[in-house]
Every structure is written in structure tokens, then in C-alpha cells.
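These come from TrEMBL:
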type	residues	note
DOMAIN	123-412	domain 'Sugar phosphate transporter'
TRANSMEM	124-141	transmembrane segment
TRANSMEM	153-173	transmembrane segment
TRANSMEM	240-257	transmembrane segment
TRANSMEM	263-280	transmembrane segment
TRANSMEM	300-319	transmembrane segment
TRANSMEM	339-357	transmembrane segment
TRANSMEM	378-411	transmembrane segment
């Protein structure tokens, strides 16, 4: 007679003595699995443990599955010993008690598992930071150029030319895959490009006459124009909270305009025309997306820049002309020296880059998030331009700007929480 030793984690009383005799069970073990008498009796011993082994008598390891703990209803012997599968555990600090073996929706960065939502938030943050930084740099250099070289039609044309050149080189060098477009795409893009051209030139004309901060305060009224135009031309009805959210926008812009120290009517009208044009650009974009082949954000803006360049160039020549440009360039060189050339290059390149990033971000974020980001972008541009150009702002003027921007934020919140009627 032999006695099995106590297994770790079990009381000695939990084991039974098993006789290694020529019984039916030992004979079955020898004939079925080809094991000697001693091993056959061990098989019988293990089979009797199913009523003895309980989870309370085992030391529990939370990082193993139930199968690897041996907590099944019966322990079966097999000719080949198989290793129990062990799940890898991905635990997050927010829910350390939950164990999920690399659930779908996680990505591995080095040895660290990062969930896709977390990666998405980081990506959106990078988009916003890049978008705002590029926009601030563009506005600073654009204003510097317009202060010494006041030709907004040429400046706008050079911005589109720089972007078109960058994208053509990217396609030629295969840095970016060229878009596969058809004639229907260009037909749908034409009204979008026309509205984009008008809005771009009007905004540049505005900044050539007034402070950057004032232009962006007036441009924060774009939601009000959007609601009115969609109501009048498209017959769309909006809930009452949407209309109420427009009151602080209109009131804030009016207060800021009335208290602007360096108010200029051309600059004010230019910003207003830019608002109207960009609203129509957004409307035409929605309709144009349904015609022709689909193009991603980066290539879509590239095609938009090229068509706008074709539309704008003859008008720039007609309105300002090469003779005026040459005379103005000589005066700018006498005023600030050769650095005006680098200012023009910087404002042209950064204009394309910040618009390209904003169009790329549309593929990654919701319209509400984009609207909030656009509102905060204006805050960044206004504050930075006031600091850099030492713009004098009356307290009441600052209050008007704050009310207008707050109204824009409220509008974006209300619009996305209320269904559009009609």
C-alpha cells in the first residue's frame, strides 16, 4: 500500500489512500493509457479528488484563466500532456480589477498597450496644436507683409501658388499619392473654389486695413451668417435655442466694432464678405462631395487651391497690376530690406500648411469638435496678434470680443445638440 503526499495548498486530510492492486480501475488504466501499476493508481487517485479540490483550498492567481487552475468538474488523464493556454492581461489604471486579454481596439507602442480612444485623443491634440500654431504664424507674417507691401490681391495669389506648387511636387515625387479625379469632381469643385477665392481675398483685404484681432473678431460672426443663409436660400429651420445663441455673437461683434480704435470700413466689409463667402463654400462643399470621385482631405484642399489660383490670377492682375506691384516691392525693400521676401515666402507657405492641416483634421474629428477647435483658434490668433503687434484694445472692446467668441462656442454646442428642422 502506498500513500500520496499532500499537494501544495491542500490539507493532508483532503487526500485518500489509494491501493495499487490489480483492480478493474488499474487494469483499465494500464490497457487504456499504457501506464504501469503505480501510474494507474495515481490516475485513480486524481479522479477521486474532484470532490476534494475546491477553489477555497487553492491559492488563486487572478492572472490565470479557470482552465489553467484545474477547476474543471473532473480532471482527465490524457496520453499527451497539454499546456493550458495563458491569456495575456492588459490592465488599465482606471480599472485595475478588470482583466481583458488585449481587447480589440488596443495598439502596442513598444511594450505598452494603448487603447485606440487614447491614441485618438493624442492625435486630435496634435492636430489642434499644429493647426493653431501654423495659423498664428501665418497671420503674423501676413500682417507684416501687408504693413509694408499693401497688395492683398497679389498676396492672396502667392499663397495659393505656394500651396499648389508644394502639392504638385509632392505628387511628382510620390510623397503623397496623386488623387484619382474625373470631370464630375472638377465640376462639383468649381463653385467651392469660387467661394473659397472670394473669402480668401476678402479676408486678406480686411487684414490690410485693420488689426488682425479685429478681422478675426468680425469673422467669429460666421455662424450667424450660416444660419441666415441656410434659412433664406435652403429653407432650413432651426430650433429656438440656435437662434438665441446668435444674440451674443451679433451683440459682441457689434460692440467690438463700435469700440474699435482703428476702425476702417473697408476692413470691416472685407471681413463680412469673407464670412458670407465661406458659408457658401461650406454649403457647396456638402453638395460637391456627392458628385465625382471621393478625394481625401489633403488632396481635396490641394485641388481646391489649384482651381482657386486659376480663378484669382487674372483678377489680381486686373485689380492691382504688375506696375503697382513693382513700385510697391521697391518701396518695401527700402523700408525693411530683403527680409520682406522671406516674409512673403513664410506667409504663403504657412497659409497652405494651416489650411491643409485643418482639412486633414476633418477626416479625424466630428463637426462639433472642429467647431470648438476653430473657435479656440480665433482666441489664439487674437491674443497672440495683440501681444506681438502691441495692438491697443479698450476694455469694452475686449468685452465685446469675449462675448462674440463665447457666443460662437455656445452656437456650436447648441447646434449639435438640436436637430435641424425641415
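Glycine is treated like the rest: Cβ placed from N, Cα and C.
Those TrEMBL annotations? Automatic predictions, nothing curated.
For the transmembrane segment (339-357), same-chain residues at least 6 beyond its ends with a Cβ under 8 Å from one of its own Cβ atoms are 127, 130-131, 134-135, 137-138, 141-142, 144-145, 148-149, 155, 158-163, 166, 297-298, 301-302, 305, 329, 332-333.
Stretch with the largest number of CB pairs closer than 8 A to the transmembrane segment (153-173), among 124-141, 240-257, 263-280, 300-319, 378-411: 300-319.
If you count C-beta pairs under 8 angstroms between the transmembrane segment (240-257) and each of 124-141, 300-319, 378-411, the highest count goes to 378-411.
Long-range contacts of the transmembrane segment (378-411) within the same chain, counting only residues at least 6 positions beyond its ends with a Cβ under 8 Å from a Cβ of the stretch, are 132, 135-136, 139-140, 143, 211-213, 216-217, 219-221, 223, 242, 245-261, 372.
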